[in-house]
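What Swiss-Prot annotates here:
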type: BINDING; residues: G12, P13, S14, G15, A16, G17, K18, D19; note: ATP binding site
Amino acid sequence: MPRSGRLVLVVGPSGAGKDTVLREARRRLGHAPDIVFPRRVITRPPDPAEDHEPVSDDEFQRRAFALSWSAHGLSYGIPASIVGDLDAGRIVVVNVSRAIVADARRRFPCFVVAVTAAPAILAARLAVRRRETAAEIGARLARAAAPVEADAVVANETTPEAAGAAFLGILLRCRDLPCLP
């Protein structure tokens, strides 16, 4: 059965501010029953900068996911409940790894938004987090240069408000896109 909704995949390098952009767009959007922002499930402790559901490895293995992947020793999942949202015609907005975009495009009607920032900005943001060594940050920055096929780009280099407004504009235009088989 064709899905009438659309899965908006938000991708970008670590430090680009994907969660910040999503949070700001969601705040600006207010109540919109046709646009949903499901929480990612991650095998990582809670983090105030990232809206996710923290779970153990065992709990992660018991869950059902529409999309899942592993990166940096962690497991990430998008709840299977998004399939019902897509079937109901909703726009479902999720922060995912660039590595799963091709698989997601094969399985769901997708629109990919890349959130970007200059390398110096990425480096500064990653350093402030204090989750990684300088070598690990360098490796992340090297991966950040890898291209991703995106339908739209949000440059998050000024304020969260500006990037959130740009992203919200993209989301609102997604309402007008034709349904995909």
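Note: Cβ is positioned from N, Cα and C throughout, glycine not excepted.
Taking the centroid of the Cβ atoms of G12, P13, S14, G15, A16, G17, K18, D19 as the ATP site, the other same-chain residues with Cβ within 8 Å of it are V115, A117, L122, R125, N156. The binding-site residues G15, G17 differ in how many other CB atoms lie within 10 Å of their CB, and the one with the most is G17. Counting Cβ atoms from all protein chains shown, K18 (ATP binding site) has 23 others lying within 10 Å of its own Cβ. The C-beta environment of D19 (ATP binding site), restricted to residues of the same chain at least 6 apart in sequence and closer than 8 Å, consists of A49, E50, D51, N95.
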